[in-house]
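Visitor: As annotated in Swiss-Prot:
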- G10, P11, T12, A13, V14, G15, K16, S17: ATP binding site (BINDING)
- T12, A13, V14, G15, K16, S17: substrate binding site (BINDING)
- 35-38: region 'Interaction with substrate tRNA' (REGION)
- T101: site 'Interaction with substrate tRNA' (SITE)
- R124: site 'Interaction with substrate tRNA' (SITE)
Amino acid sequence: MNNNLLIIAGPTAVGKSDLSVDLAKKLNGEIISVDSMQIYKYMDIGSAKISKEEMGGIPHYLIDFVDPSKEFSVAEFKDLTTEKIKDIQSRGKLPILVGGTGLYINSIICNMNFAESDKDEEYREELEKIANEHGNEYLHEMLKDIDLESYNSIHFNNRKRVIRALETYKLTGKPFSSFKAKNSIYETPYNIYYYVLNMDRAKLYDRINKRVDIMFEKGLLEEVKNLKAMGLTDDMQSMKGIGYKEVLYYLDGKISLEQCIEMIKQGSRNYAKRQLTWFRKDPRAIFIDKDTFASEEDISSKIINDIINS
């Protein structure tokens, strides 16, 4: 059984879904979403979730399965995705990761070791109590004897990180900093083909702006109203996503609808810029400038030829 893994990444609204479905059909593949918003149920419009029709009969995984009131970690994503990759490969098919969440992608192809996966809520509460009674600096000093590297690198006012470092040592007996050091950036068990779609910035930004307008036409306001009625609030992980937090501001009377729409467009454009910056850090990523290809078919052919001839 081969260990090939195809990745189609890129900024929001660049057109990853259509290309990936076409490739899946031609390469006998199945798709695993690597999008930190499309994991949530009931959040279809604001996350630009792919529809059943758009899936074109290709199985898609890790979409629409997490309750938006729940937290979901990168470590959980890694575990689920690793199992799904094995499952797809065991059936003689090609797993294709598709999306724009760089940290999710790196959790799979950088062989990252997550100390984040284990929690001790009781100990966390105990540490919170210590910090409340004695101050953040007192809590920070507790790190000094067990993890000097974290003590030096984590500011004493970053209480959440200090607590995480102390908790990790209690759970594993190892310094929090040692887990970070084991993140081997380019070590992966897979034979990866990693492509990042891109296009002229002005064109991309225009696509982003139009996508936001379409979201409102499709009923983004109603979607967020329903989520709010379900008890979801702006301090929850799911509701911090672009498009959701801004509509909550509008529904709470903090901003006008016009301001809401413009904030979503600006936030999405800024996010696209950050995504591209992230992907450029990995020398294994092959950038595909869509403007230099006559059609999607040509892009698809280029990727297929790369895989066949490698």
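Along the chain as shown, the residues are counted starting at 1.
Glycine is treated like the rest: Cβ placed from N, Cα and C.
Please situate the listed features within the shown structure.
Guide: Residues near P11 (ATP binding site) in space but far in sequence (CB under 8 A, at least 6 apart, same chain), listed by position: G100, L197, N198, L204, Y271, A272, K273, Q275, L276. Look at P11 (ATP binding site): DSSP puts it in coil.
Sequence-distant neighbours of G15 (ATP binding site) (same chain, 6+ apart, CB under 8 A from its CB) are L197, R207, K290, E296.
Non-local neighbours of the region 'Interaction with substrate tRNA' (35-38) in the same chain are 46-50, 62-64, 99-101, 103-104, 238, 241; each lies 6+ residues outside the stretch with a CB under 8 Å from one of its CB atoms.
DSSP assigns T101 (site 'Interaction with substrate tRNA') to coil in the three-state reduction, placing it in neither a helix nor a strand.
In the three-state DSSP assignment, the secondary structure recorded for R124 (site 'Interaction with substrate tRNA') is helix.
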Visitor: Calculate the per-residue pLDDT averaged over the region 'Interaction with substrate tRNA' (35-38) and state the result as an integer.
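Guide: A mean pLDDT of 98 is what the model gives the region 'Interaction with substrate tRNA' (35-38).
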Visitor: Can you tell which of the binding-site residues (A13, V14) has the fewest other C-beta atoms within 10 angstroms of its C-beta?
Guide: A13
Visitor: Could you give me the DSSP helix, strand and coil counts for the region 'Interaction with substrate tRNA' (35-38)?
Guide: 0 helix, 0 strand, 4 coil
Visitor: Between the recorded positions T12, V14, K16, S17, R124, which lies closest to T101 (site 'Interaction with substrate tRNA'), Cα to Cα?
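Guide: Of the recorded positions T12, V14, K16, S17, R124, T12 has its Cα closest to that of T101 (site 'Interaction with substrate tRNA').
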